[in-house]
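According to TrEMBL, the features are:
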- 8-124: domain 'Thiamine pyrophosphate enzyme N-terminal TPP-binding' (DOMAIN)
- 197-331: domain 'Thiamine pyrophosphate enzyme central' (DOMAIN)
- 392-538: domain 'Thiamine pyrophosphate enzyme TPP-binding' (DOMAIN)
- 565-609: region 'Disordered' (REGION)
- 630-1082: domain 'Aldehyde dehydrogenase' (DOMAIN)
- E860: active site (ACT_SITE)
Amino acid sequence: MSLLGGPMKASDLFVRALENENVDYIFGVPGEENLDFVESLRSSKRIKLIVTRHEQAAAMMAATVGRLTGKAGVALSTLGPGATNMTTSAAYAQLGGFPTLLITGQKPVLKSKQGAFQIVNSVEMFKPLSKFTKQLVDGGLVPAYVREAVRRAEEERPGASHIELPEDVAHQQVPEEECVVYPAERVRRPVPEVKAVARAVQMIRECAHPLLVVGAGANRKLTSNMLRQFVDEIGIPFCDTMMGKGVIDSRNKMYVGTAAISNGDYIHHAIDHADLIILVGHDVVEKPPFFMKPTDHRRVIHVNFFAASVDSVYFPQHEVVGDIGNGIWQLKEKLKDSPLPVWDLRYFKYVRQEMLKNFSTGTGSCSMPMALPRLVELVRKIVPEDSTLCLDNGLYKVYFARQFPAYTPNSLLLDNALATMGAGLPSAIAAKIVRPSHAVLAIVGDGGYMMASHEVVTAVKLKLHITVLVLNDNAYGMIKWKQAGMHMANFGMDLTNPDFVAHAESMGARGHRVNEESEFADTLSSCLATPAVHIVEVPINYAAGAALQEEALKEHLSKTLLSPDEFFKRSPPPAMNSAEHSQLPKALGKQPPGGGAGEDGPSKESKQDVDGVKTWPFYLGGEPQAPNADLEVYDKYTSKVAYRVAQATAEDIERAIAAAHAAEPAMKALGSWQRKQILLFCVEQFKERKDELAMALCIEAGKPIKDSHGEVLRLIDTFQIAAEESVRMYGEWTPMDTTERNKGFSAIVRKFPVGAVSMVSPFNFPLNLTAHKIAPAIAVGCPFVLKPASRTPIGALIIGEVLAKAPHMPKGAFSILPCKRDGADLFTTDDRLKVLTFTGSPSAGWDMKARAGKKHVVLELGGNAACVVEDFREGELEAMIPKLVFGAFYQSGQSCISVQRALIREDHYSAVRDAWVKAASKLKWGDPKDPETFIGPLISEKEAKRIEEWVQEAVNRGAKVLCGGKRHGAIYEATLLEKVPWDCNIVQNEAFGPVACLFPYDGYKKAVEMVNDSKYGLQAGVFTHDLDKAWYAFNEIVVGGVVINHVPSMRIDAQAYGGSKESGLGREGVRYAMEDYVEIRTMLLSSPGVSI
């Protein structure tokens, strides 16, 4: 308990208690009886009041916040009609299991009664609709009521809580000793009992056809992760309910459908075939995915936070009660204790194949009004993978639940509990507030939209970017469908709707109408790319729904789907014993599209576990391929094999180049908004996977984890910059009437993508230097083939995994191919590749340029950067030393622009040297996974030995080691040298390690000459406050970049970056690299417009 100080008004205390519960938003409508509360909210530094147009919508928004975050969403209303308006939403939250706190006002209750005007007994009204409902009669009870209401709302099973705050109680002064808040600590749920888990494991081992069914209660983040691992590692097929959809990726090859209708669909044939059903998170408020019968051959294991509610259609034979995530984890680990049984899963696979064929029916329709199957397919293709879809209630909900692949939990928000109309638009508003960086799309029918369309004004006021598809059939379409299915005449279902475009624009939104099927994709894509509130009217044809009528579906399946008996007569079981089955590899790690293991073994897209080592595919033509696992990638600190990677052959490279060449027209045809969407999709994916990327980099490159996280941020920045530059591919109009002969001529100059690009990236920045090649190519519309460094390919392959899912990316447009050098000659010599961009050693780079033929070549080849310390002001030495330490030793010195030569003015030399040595001596070396480590291993022990030899050469010739100078396997300590002969290797060549040589000088021009006395010229740093000296350095130092008052190791990802002399050819930096990937084309115009 924490004292807040006081006394204070009860409404102030209420707001402080909500802040203590980490409430960020309150949705609501102000009224006379809640003005004290509204006034208290005005001074809150945490909670934002979002004023809506209707209390029902406010509470639906609050419920959606609870649904997406697991924390109670809060809504506010006044008394009487305001409170009654919230009842539908209370039922929506209570039945759906969405943690929500509803706060309603009331007339004074302590002294002055005002008759019965507007008074409703709200507490009694909310009792059947909530888990907790109380009237506050004393301000001192506020902290306890708020803590209990939130706790009840959030604990399993979540739902609605309600507190009534009368006007006089809100205004009441609460004594100081009662102004407290109670700890809002998370209560850990009990874990399932060990014997219950053991019995479940035994039942799973004894069955022949197990099936996992995922319900609404499993829609929790940790539970989702555990279920995905369970399916991947154990290999049991799964299906889900409407509100369990997305808990496991629908692209997983073990997915056999969603229970979108009550009976008779493909999924029900799979369920009927199962002899054991593991039902996870079953919620009785959902339509059940199956009905049990006393004569059933199936056994059911109930896995949930609470015990089963037994009735005539649900009476499980066994229960695993407790935290679902922990229960699933225990089941997985116990099943893995010994070889897995050989379950016969072939019929599930067959049902899946036939189901997917059925889903394609109607997807090619170009009719208008649009067919539902076509709409579902196009939406999935167009929306980014991390989008949130919010559905209202209607026949389209059935189609989206049945046929829309959901990739992540709560990415398809539909309500199959209360199943109310009018929830789609409020849910979308709340989803965008909670997930501001995600695309949010509401899909609503015309009837449901009109029930909530007033909230368009709320979305506009909040300046949200949401898109609302209004599916217009001028009727209550789903009820009309049901009416027809019951062989009744059409009566009472048709509607007269407003002009939806004009209606939207009257509220400040942007209105659109799709008149032809061919317009839909561009309209939706444009809306998703343009920040605004978009209302898109889509005429819809529900005729396809006839195929889902129970009688029609039953007849169709009787003709097209084999029964298990018929299927097994045609498909005799394969011979395989348990030992053979136990040797099948099991997929590990995060599930990629289409992953999962089954009777055919894991798919080619999965990252497999071979002897405990993860394996990765390469990407050819945008598709993952794993024909082998020949390339071993080592943990640079432990020297153990960390990954095995598919290695491409010359034939693979040939196919990749052909695919890139073939993709040139499609890449060129992409709109700038589409290229931008691809790049922004990558940005969001990299943000979500930043920890995974950093750890992979730390392992494969030995890069200290702090530096690894820094490189991931630069990867994100580079793609973000490219997204911004992708819409700035400007041309120009030029007058050409420069002489009388040219009278009337003008010209338009445009830039066009040059074609397929060949890329070779280095080991030291596997993410960011790869990004500096890939992102500009996508920004201009060039397909590409990339060879990552064989010692550090994982970062590039993760980029490939993300690009494979990106919207709008044409087929064949990219390949990422780890391969041997002797098989990679096509990257250099093939004439179909129009640009070669290479980062690596000078010897390899210049050789490649010599053999590259007619293609444009860009080379970044390294250096031995110099830093000049000319002058600094009093007190600046302390700030300069960390920069010098960073410049010389970050990334363990494995940077082309690492400070290798430090030139220090003679009168500053001793002070700078001593401070630098003191700081460098404190740098920790060792395990790069330790956040305190500054110096990690070099890329190999061979390189560390080379550094050791170069330092020893200098010492043998008179150099002095100021600090460091010792090797520990592949680690070389941070080393500073002085008195080094100028012709030593450690001065003349690129060290690429944590070593810097210090030299005093006695004249500024002499220092500039020393900088230039090198075969390299990448970047240089100069510390000076004299503008003339800075300008002199810029003019006279022959390098690609001069950094003033910082070390040469500073690179901004938007800058032009590249070298002179042996350091390279051309420039990187997103905007400048884009210039290398385009060619200028001129259209010469003779007297345009004159003839009119």
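Cβ coordinates are placed from backbone N, Cα and C, and glycine is handled just like the others.
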The domain 'Thiamine pyrophosphate enzyme TPP-binding' (392-538) - residue tally per DSSP class, helix then strand then coil:
65 helix, 27 strand, 55 coil
On the DSSP side of things, how many residues of the domain 'Thiamine pyrophosphate enzyme N-terminal TPP-binding' (8-124) fall into helix, strand and coil, could you say?
54 helix, 24 strand, 39 coil
Spatial neighbours, same chain, of E860 (active site) - Cβ under 8 Å, 6+ residues apart:
L769, F838, T839, C896, L1018, Y1057, G1058, G1059, S1063, G1064, G1066, E1068
Give me the DSSP three-state residue breakdown of the domain 'Thiamine pyrophosphate enzyme central' (197-331), ordered helix, strand, coil.
46 helix, 31 strand, 58 coil
